[in-house]
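Chemist: Structure in structure tokens, see below.
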């Protein structure tokens, strides 16, 4: 009985000693995340490039959906929440509708969505990049304007996706520096 208790203690202590000084895979990926961000943004831009002309040619509106107020929220104390909500907005509201506009672009919009999901997953794994709870007024304005535009909203939101990528880059650059 004493020997099995001693064996359990040794196994436990050996396991904790071996893991001390070794990062978990999630922690390890967070160390390399800033270096991999430019590649992820290039992939997003390349995926968007395959549908950009389609959506921008269909966008006949002169107004902007993604305004400076959204960029200011991303730069401010609500940056984390604004980014999280905007990723969710594109994944849940915009892209499912965008996929249905032409069979020729469905695969490309799907690929763009997968790249955005990968970015969101990495951001969530590295909590310092996405540690948020509050709501962003700018995102609420984007969602409200999108809803009012009805079908035109999809063209508008997708045609401005490159602006969103630039906003992501601005937010992440700030976070990496801090």
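One-based numbering along the chain as shown.
Just so it is clear, glycine is given a Cβ too, placed from its N, Cα and C backbone atoms.
Quantities reported herein were computed from a predicted structural model and do not represent experimental measurements.
Pulled the feature table from Swiss-Prot, pasting it below:
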type: SIGNAL; residues: 1-18; note: signal peptide
type: DISULFID; residues: 30-126; note: disulfide bond
type: DISULFID; residues: 80-132; note: disulfide bond
type: CARBOHYD; residues: 134; note: N-linked glycosylation site
Chemist: Around residue 126 (disulfide bond), how many other CB atoms lie within 10 A of its CB?
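Modeler: The Cβ of residue 126 (disulfide bond) has 19 Cβ neighbours within 10 Å.
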Chemist: I'd like the Cβ neighbour count for residue 80 (disulfide bond), meaning other Cβ atoms within 10 Å of its Cβ, all protein chains included.
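Modeler: 22, counting other Cβ atoms within 10 Å of residue 80 (disulfide bond).
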Chemist: Per DSSP, residue 126 (disulfide bond) is which: helix, strand or coil?
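Modeler: The three-state answer is coil.
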Chemist: Roughly how many angstrom lie between the C-alpha atoms of residue 80 (disulfide bond) and residue 30 (disulfide bond)?
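Modeler: Residue 30 (disulfide bond) has its Cα 16 Å from the Cα of residue 80 (disulfide bond).
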Chemist: Measure the Cβ-based neighbour count of residue 30 (disulfide bond), defined as the other Cβ atoms within 10 Å of its Cβ.
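Modeler: I count 17 other Cβ atoms within 10 Å of it.
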